[in-house]
Amino acid sequence: MLDIQLFRKDIDAVAQRLATRGFQLDVAAFQALEAERKQLQTQTEELQARRNSLSKQIGMLKGKGEDASAVMAEVGGIGDTLKASAARLDEIQAHLGELMLSIPNLPHESVPVGNDETQNVEVRRVGEPRQFDFAVRDHVDVGEKLGLDFDTAVKVTGSRFSMLRGGMARLHRALVQLMLDTHTQEHGYTEMYVPYIVNAASMRGTGQLPKFEEDLFKVPRKVGSEEGERIENFYLIPTAEVPLTNIVRDAIVAGDKLPLRFVAHTPCFRSEAGSYGKDTRGMIRQHQFDKVELVQVVPADQSFDALEQLTGHAEAILKKLELPFRTIVLCTGDMGFGSTKTYDLEVWIPAQNTYREISSCSNMGDFQARRMQARMRTGQGKPELVHTLNGSGLAVGRTLVAILENYQNADGSVTVPAALQPYMGGTTRLEPEL
């Protein structure tokens, strides 16, 4: 959530920056709410001053033994007006709060201005795509002979799910172990095991609610209280960013404890409500997929350096796996809702003859921290909002896809990348099942 003082100071400048990311701020609606809020607050202050003055008069009149009923009646009337004003002011504040929750983050000045993904800017490429001397097969054709099973997953659950068997399942696990070991042992992250179901407050804190509710899997639950039963909504996590970042919700962290670096391996659950017809074949776009997530909590003046660092941590996994990739900076029109700057890592997918996203690394600035009231304190100073960052380190399923395609052999086998062989008991190749 953005600082409302930015809007009160120069709403036109804010609207212009938001427009670069395709968001049209309803300036008139905001200004109308603000005008009424100011009018109500002024009226309330004047009425409170009048009531205080009259209350003193009542005391003086009673002290003299004089009739104070008229003044008391006026005080009673002021009280009724104040109650009505307070109720309306609460409504105005609620409307302003809802409006602020619906507004995305401001792009950083270093972000290229653009309308969509076609205007993202490539920063660097690492590795050269392999030249095959045989017809390249996609990960579905390669994987189904090695233990990648879509048919059983469809029977058990439905479309956009998959099962892994034998060597494929082991390769998937090896990827997770490599990622966690690298991030904890080389990059200084603390490994966390987190809930896969979170409450609505956590989803609001990181920005999934209220805007993206249709993309989430909701878990309604009956909760009992003295007033009776009510339904409380919980949610399957779309990313470990949600529970990891909410660790600091409603907390004041000592400045000397920062930066905090968390990593977690979790399944992620997404309804893909807006993805009908996209990537219907294979593992690229699933309702359930595994991801190793990186989260950092840092002081405000360190967040952009931390973004470069975090992006490098994700890149390190691709380098270890010797997978060709490129890093791009997203333009204003392609950034996520809460991000002020984002780098995407895209891995080479031979069968598609293109690069596909495998990690997104974002600096959220104080956008999430303001929603969560996540703060830091240095010495005896006043609490200040922290900055939060997150990134995939990496999406496990898409990394598996990249390995199946880039390391495939003419006989249908897949060479196990050298970095994974210690996690595979020395296995160097996955052979087609008999």
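Just so it is clear, glycine is given a Cβ too, placed from its N, Cα and C backbone atoms.
L-serine is bound by T239, A240, E241, S392 in Swiss-Prot, and the record lists one more residue there from E191, E293, E346, which is E293. When Cα-Cα distances from S360 (ATP binding site) are compared across the binding-site residues A240, E241, E293, S392, the shortest belongs to S392.
Note: the Cα of T239 (L-serine binding site) and the Cα of E272 (ATP binding site) are spaced 13 Å from each other. According to its DSSP assignment, S392 (L-serine binding site) is in a strand. Nearest by CA distance to S392 (L-serine binding site), out of the binding-site residues S271, E272, E357, I358, S359, is S359.
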